[in-house]
Amino acid sequence: MQSPTAQGTNDGVLPARTWPSVLGALTDGRDLAVDDAKWAMDEIMSDNATSAQIAAFGVALKMKGETPEELRGLADSMLGHARKVPVDDDVVDIVGTGGDRSNTVNISTMASLVVAASGIRVVKHGNRAASSKSGGADVLEALGVKINLGPDEVARCVREVGIGFCFAPVFHPALRFAGAPRKEIGIPTVFNVLGPLTNPARPRAGLIGCAFPGLISVVAGVLAQRGNSALVVRGDDGLDELTTSTTSTVHIVADGSVTTRGFDPRDIGIARVSLDELRGGNADVNAAVARRLLAGETGPVRDAVLLNAAAAIAAFRGLGGRTLEDGLSDGLATAAQSIDSGAAGALLGRWAELTSGLASSK
């Protein structure tokens, strides 16, 4: 895959937006302008594209190498077709692309609870497991949270509890038109990385994990173009999180630019562990792990959750000239207090109770 910063020869929109012109540009190695990419996704979201066109588009884009402009056009189209969440953007998302095939516990979901209990509002966007045993939606259900809620109900959860969950099939119903072609071709394409960029609440900040090394800088580029504050991360062991088994690569997105650097958890006092110590099971197993964490259990899972919660807190607050290590150290203290005070466990209970009431009244 070519470098995400490589430039094709197409600096403007295509002379005519048709599938032959779009696919011809991609197979010739030419980049699409934002509006051309948006047109293609609009056609898909409107059920105006055939399965062959959708499959060809995903594969051709993958073979050429996606650019931030293309990914932004696709994501903007998806958001245009999504159901809107009536909250302001002063919220944070903690989400990964999935696809790392590590079968770890649900680190980002647990971190979301910790961050929300610290007083920072969270709107998480996710789905059921695709390549793992337990996705964010699966473990939340196992924890008693009702996930099939609409925009107004999610907004109420954010207002009253400090956290909400946007279940992707509810908020992106038009994406179903791409489902069959994606399943038939059976390889990861750009569709696999759009989730973290299409949160219907449009949060201004985020901790975004990307399992695909060729796309992490592209995702960061989109967030920079939007003016977001974010940390886009990939563990050097392949995790779509900040890992504690080795170092991680971090793209710091701030003020419209991206800075890339490495990070070693030992630099802020977190010991390295084996990846096996972070592995989980099905939704019920991972929910039990989450409950023990919220009850105060220490160990490798707590360290990984605290680290990722700290990163989300740092992304929300901004580094403000501090080093990444300083920002994460401050976030660690906040996250630890969120668990140790009982606030995170209490928040889960309130959230589950509220969503149960909202679901039963629908």
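Just so you know, glycine gets a Cβ as well, placed from its N, Cα and C.
Marked as 5-phospho-alpha-D-ribose 1-diphosphate binding site by Swiss-Prot on the basis of sequence analysis: Gly96, 99-100, Thr104, 106-109, 124-132, Gly136. Look at Swiss-Prot and you will find Gly96, Asn127 tagged as anthranilate 1 binding site. Taken from Swiss-Prot, the feature Mg(2+) 1 binding site covers Ser108, Glu241. According to Swiss-Prot, the anthranilate 2 binding site annotation covers Arg182, on the basis of sequence analysis. Taken from Swiss-Prot, the feature Mg(2+) 2 binding site covers Asp240, Glu241, and the record attributes it to sequence analysis.
Shown here: features listed in Swiss-Prot, placed on the structure.
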residue: Gly96; record: 5-phospho-alpha-D-ribose 1-diphosphate binding site; DSSP (3 states): strand
residue: Thr104; record: 5-phospho-alpha-D-ribose 1-diphosphate binding site; DSSP (3 states): strand
residue: His125; record: 5-phospho-alpha-D-ribose 1-diphosphate binding site; DSSP (3 states): strand
residue: Arg182; record: anthranilate 2 binding site; DSSP (3 states): helix
residue: Asp240; record: Mg(2+) 2 binding site; DSSP (3 states): coil
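Residue with the densest Cβ environment among the binding-site residues Ser108, Asn127: Ser108, by other Cβ atoms within 10 Å.
Non-local contacts of Gly96 (5-phospho-alpha-D-ribose 1-diphosphate binding site) by the CB criterion (under 8 A, 6+ apart in sequence, same chain) comprise Ser108, Pro196, Ile208, Gly209, Cys210, Ala211, Asp240, Glu241. With respect to their backbone Cα atoms, Arg128 (5-phospho-alpha-D-ribose 1-diphosphate binding site) and Arg182 (anthranilate 2 binding site) stand 16 Å from each other. By a simple count of nearby Cβ atoms, those within 10 Å, the most crowded of the binding-site residues His125, Arg128, Arg182 is His125. Of all the Cβ atoms in the protein chains shown, 28 others lie within 10 Å of the Cβ of Glu241 (Mg(2+) 1 binding site).
A straight line from the CA of Asn127 (anthranilate 1 binding site) to the CA of Thr104 (5-phospho-alpha-D-ribose 1-diphosphate binding site) spans 16 Å. Here the Cβ of Thr104 (5-phospho-alpha-D-ribose 1-diphosphate binding site) has 25 other Cβ atoms within 10 Å, regardless of which shown protein chain they belong to.
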